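Feature annotations, courtesy of TrEMBL:
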type	residues	note
BINDING	B:Asp91, B:Leu92, B:Thr93, B:Arg121, B:Gln135, B:Asp139, B:Arg346, B:Tyr350, B:Tyr351	L-histidine binding site
DOMAIN	B:1-424	domain 'Aminoacyl-transfer RNA synthetases class-II family profile'
Protein chains: 2
Amino acid sequence: MAKDKANRPRRPRAETPRGFRDWFGAEVEARAAMLGAITEVYRRYGFDPLETSGIETVEALGKFLPDVDRPNEGVFAFQDDDETWLALRYDLTAPLARVYAQHQQTLPTPYRRFAVGPVWRNEKPGPGRFRQFWQCDADTVGAASVAADAEICAMLADALEAAGISRGDYLVRINNRKVLDGVMEVAGLHDVSDPTRFSIERGIVVRAIDKLDRLGPDGVLALLGEGRKDDSGDFTRGANLSTQQIEIIMGFVDASRLVREELENGPPNPDLRIPSGMGFVVEDADRHSEGVGRLWNWAVLDHLMRLVGQSRSGEEGIRELGEIIDLLQAQGYGPDRIRLDPSVVRGLGYYTGPVYEAELTFEILDEKGRPRQFGSVAGGGRYDDLVKRFTGQLTPATGVSIGVDRLLAALAAKGRGPKEGGGPVVVCVMDRARMADYAAMTGALRAAGLRAETFLGGGKMAKQLAYADRRMSPVAVIAGEDEFARGVVQLKDMALGARLAAGIETNEEWKAQPAQLEVPRDRLVEAVEAMIARAGG
Amino acid sequence: MAKDKANRPRRPRAETPRGFRDWFGAEVEARAAMLGAITEVYRRYGFDPLETSGIETVEALGKFLPDVDRPNEGVFAFQDDDETWLALRYDLTAPLARVYAQHQQTLPTPYRRFAVGPVWRNEKPGPGRFRQFWQCDADTVGAASVAADAEICAMLADALEAAGISRGDYLVRINNRKVLDGVMEVAGLHDVSDPTRFSIERGIVVRAIDKLDRLGPDGVLALLGEGRKDDSGDFTRGANLSTQQIEIIMGFVDASRLVREELENGPPNPDLRIPSGMGFVVEDADRHSEGVGRLWNWAVLDHLMRLVGQSRSGEEGIRELGEIIDLLQAQGYGPDRIRLDPSVVRGLGYYTGPVYEAELTFEILDEKGRPRQFGSVAGGGRYDDLVKRFTGQLTPATGVSIGVDRLLAALAAKGRGPKEGGGPVVVCVMDRARMADYAAMTGALRAAGLRAETFLGGGKMAKQLAYADRRMSPVAVIAGEDEFARGVVQLKDMALGARLAAGIETNEEWKAQPAQLEVPRDRLVEAVEAMIARAGG
């Protein structure tokens, strides 16, 4: 049967699938180092690792992704051969709830776990927005006290600093879904006798608030009213609220700006009505000695109290926030690091109490060269009902998720991205009949703990040295017939060669160093070590 | 709208999906430590990390899984919204081929990469057999020389030892698909004028050989003939070969037994006809001084030479194996660690040359308590055509994959599984109004680098100490109203308490140590450190 070209199957395309990416060498190492630093903080805080598979049942995952109307939209789902619907996890929180419900008899309570791994979102990819990304989470299950939330916020600040974000370059912003519930109540969007009433409107409001950063107050305003047409002409239906309802909600959403104006336009409000008997006290020092910064959190609480203090869940939410701020303040985490911000709502549907978000406050240039704030790199909150879905029993839980890939992108944008380097010593092959000898030299270098390899490709000297250069090799080892006869090897200082070539080395002493050196073969290892030490010095 | 119980959606089941599992605390840490040890060996050999996403296009993955007839069987596949078929990767080799084809202009050649991560197989789960498992691979792309294969085998031996497998407890077994091709040729199952002829028979033969470990020679014999009925009554169709064909193939499959008998039943074959001019030489020392062990690899080559030496691909395969053995012997990797074994064929469809497999040689008890060899934990080989699928250009490549989860299971079976321990210091909460004080103590311990946490759950002293015990805490810190008034804390030595309770400590001096100690609050950190040091000593 002769082969017919037309019948030959076409070649598969060598392409990363749409919305996915590959990570090479130094990028992989940079992430591993960052995960090591963050999980070291988690461990020190008493969290233990847990790993689940990438696949869960669709029913266990639940439907909590934002902006999702159709079932299974937002996840990659497929049917098992026993007809169970399976899906790739979209976060590490839903699997934790499943694990805790499944193993609560044998797990300690509280169960404090951290988890690291990729998650998948079946979303439209965009610039810098991928359909697989890494998260690094820590959660406490079984702790009702907001001390658990305060601890997570403090740990998040510590973890960001361990990951290489300087203090002042990030802000952990806290809010409480209960305060938002209070706002809904005050705005007439919550009917205590029928909690499901107005749920569509509330959904629109939450998603609108979550977009404040991106759309600005006017965009949110439009979504609370009739709706909003975006740049592409697509129309998003609004919540159709009344002017009065919109005013209440904007007073909450825009609280940060209102409080800032209040504090900047005069002496700190002399009537600052900090709720009494709530376990936190504004010291006189807070009012005066450190100005607006230190007073911030209390001024926000005061503003919220005026707005929703008469609602029961609003008042409860404000008291919880006060306790959190109180605990954090006592541990030295002031509003320079952790601050109240009513515009934080978090998109995921499962939050029930305090919510938090870490944003990076420095500016970067976007893909069109315009400066913009880097934005959110981590988020979390309390989700007291997620385990209850499985067990029927209330199980308090709270936790945070750090978006590791976004954090790496942020460091790269600050010019602190992954650095290539530390390539292997390359033992060049001049004489193929001598492979065992080259392998022995490479073996000796490896035995001394050095990275080393015999060149295994094709090509002559120039190609082998170009390879060593491309691999960032510190040293190339060269031995041909002549060298073997004389019992010596040539060492080429690749680092010095590169520095000389790039004109980096102007120091006369350096220039005097030979870029190539002949040494006895039995002194190979120590001579290579010395050459590497010189390059590193 | 009153809630109707019948209408309430049923609760989701809290179950790990069928064929998947969860890894807790010490299990996660044990795997991380093993991966660290193995990748450190890979790095030292000059390999750089690469990470790809879990998802590839189905066409990029290709169909190379063994025992798979229907398309997409064996993988978890799903359709993207642009109708592209996507699938979870089933190994780390197919994605590497895609990456190399896509980026070969910018990657060094040879491209030496290692990769670590989960892979997914849509298979029927069984005891100890999961549908997600971790692999840890290293591959050299762009090196045609079998020196690259020899290097991978040596590195595999080093990596297994770094992972904690003692020398003598493993064996790297090598074969060559080209020798198998020679056997097919000699047995009349390879028609040079039409390579696709007999491909079904060859497929059955390869899969049958791959099952030698499990089915024994009789099972393989049946599959080469009419077929085989297994214990469940299922019938697997055989290759229907003639007696003469079967004899040739069994001479190959069963070579190890035949060579062993030859060597054991008399003095080493005086006619040992090592192929001359093939770059390897049997020294007199090999023939005499170290007996059967050292001679093994040469005796196998001799046996194969007699069997398929007259076939061109058989002869080429034997010469390659000789070169590999020669290089390994020169580096001190003898048949005690790396040995030829014609029964190794590897199930994956993409191999074209040398193939290798690491098996653990010690016995474990299976799920029914019967002793059995642990078996294969790693495998690999040369796949010169895998990149060519994309580019049309021949690109030699070879590499190995270590099945990390199986290796961990092996260590556990040897009684060297993950050890719990190193739990956090637990600061108990006696007085909820003092949360800031407890948090300050915990913070001081953490600042000293200790794992520490404030107890955040509910419950009194006994429950809190039970929690500390469950977490393997070394020390519990206790302070109530009285202690705060006197400026002291109580330290409870949990490790000593546990040892005393378990009757482990009989030493009088130890018994004299107090399990509880009162220290000034400002000496908390040093006192805790001293108590931990004592427990560790």
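Even glycines carry a Cβ here, placed using N, Cα and C.
TrEMBL: automatically predicted annotations, no manual curation.
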Other CB atoms within 10 A, centred on B:Tyr351 (L-histidine binding site): 26
Site extent for L-histidine (largest Cα pair distance over B:Asp91, B:Leu92, B:Thr93, B:Arg121, B:Gln135, B:Asp139, B:Arg346, B:Tyr350, B:Tyr351, Å): 21
Candidate with sparsest Cβ neighbourhood (10 Å radius) among B:Thr93, B:Gln135, the listed binding-site residues: B:Gln135
Long-range Cβ environment of B:Arg346 (L-histidine binding site), under 8 Å and at least 6 residues apart: B:Asp210, B:Val355, B:Glu357, B:Gly379, B:Gly380, B:Gly381
Secondary structure at B:Thr93 (L-histidine binding site), reduced by DSSP to three states: helix
Surrounding CB atoms that lie within 10 Å of the CB of B:Asp91 (L-histidine binding site), all protein chains: 19
For the domain 'Aminoacyl-transfer RNA synthetases class-II family profile' (B:1-424), the mean pLDDT of the predicted model: 86
